[in-house]
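What follows is a short report on a single structure.
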């Protein structure tokens, strides 16, 4: 029979404070730090909103990482906390211990609460407390510095989530006192007018990652360009399935010129992804030459580019240190691949991922990229499936990978000799050819993970048709 340990003095003190909310409110400002986090966690768990409102006003740390405690925003809890912040911001005589500068609604700092395991199971030693205070008690900003509220935002629907809508209204009513900082903003289906309303409230210089899906390029450029220019700390920029409704090449050129000027101010950009690249066909150089910071990741996918577009990729220093290059499903079969080969030679020392899946590259074009590819000594991932390769071309390609010792994942198409009149694999022919290709590869290096022939995606397993099967050859 186990004997339950008696409540600790710390636990009893906290329970007493929470039983009488009026008492806890009057005591908050003098509450020892050793009680603050466990008491806040218990008040949060029990949804003692009045207690939470007051605790926020006397919060003894510079940051309140609420997002890691509240995985999903709860409207009443959010209202209670924001009410406390409002009272804190509007007080003429701020509490003498006031340190709070940041309310973080992102799920980013579980360690903050993990240092205080459980609501009451708190082990506190003087040396650890002093270290904790040193970490938290950074030099305070001036009294008039805006309070920062951090949140990652995903706009999916109208009407907006009620918590997000309430937060937007609360921040808007306190312009100048509060900065709504959004390190990651994703917009899926929200109409552009609602996205603009959100951007007027968000502190634009805080946005580090921006994703925009399913918009018209002309409207996006005309309506959002002025906001993009203010995102000075942007490091990741994604445009996915943005379409264009004009066939006027001259108009497209003018729009691309306007859009490209945005990149002159993006000095921290490291990733640029454009899915459905056709809008920039014939105008890509206007964008590339405006890039100010060397990119690590460039993804231009789905659609077609002209030879002049591919040529410009090797001519600007901003693309000279790429680690990841993705041109999947950009149709390249009608152009010379010498410019792509020149780019591979330029970035050979840094390139780690190369995706040329579904580009419909013909074996007659292959020789243009082999010298550059063979020098990519840091390459770990190479996708080359869904291209038109003969058996001889595939053998040549595999031999040129002999020096790529870091390759850990690679995909290749079935040779055209194994395809029937419907461009489907004849497995009776394909199976021995695949074995022959593996023998060719093992003569020059030992592969780690390789897929030859029609396969699902090695990362997610999805396939484009029922006929596709996974064939892990090694």
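Cβ coordinates come from backbone N, Cα and C, glycine included.
If you check Swiss-Prot, you get these features:
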{"type": "REPEAT", "residues": "97-124", "note": "repeat 'LRR 1'"}
{"type": "REPEAT", "residues": "179-203", "note": "repeat 'LRR 2'"}
{"type": "REPEAT", "residues": "204-230", "note": "repeat 'LRR 3'"}
{"type": "REPEAT", "residues": "231-265", "note": "repeat 'LRR 4'"}
{"type": "REPEAT", "residues": "266-291", "note": "repeat 'LRR 5'"}
{"type": "REPEAT", "residues": "292-323", "note": "repeat 'LRR 6'"}
{"type": "REPEAT", "residues": "324-342", "note": "repeat 'LRR 7'"}
{"type": "REPEAT", "residues": "348-375", "note": "repeat 'LRR 8'"}
{"type": "REPEAT", "residues": "376-400", "note": "repeat 'LRR 9'"}
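Sequence-distant contacts of the repeat 'LRR 9' (376-400), counting only residues of its own chain at least 6 positions beyond either end whose CB sits under 8 Å from a CB of the stretch, comprise 328, 333, 344, 347-363, 366-367, 370, 406-413, 415-417, 433, 436-437, 440-441, 444, 451, 454-455. Beyond the repeat 'LRR 4' (231-265), the same-chain residues lying 6 or more positions past its ends with a Cβ under 8 Å from any Cβ of the stretch are 204-218, 220-222, 225, 271-276, 278-280, 282-283, 286-287, 289-292.
For the repeat 'LRR 5' (266-291), the number of residues in each DSSP class (helix H, G, I; strand E, B; coil) is 8 helix, 5 strand, 13 coil.
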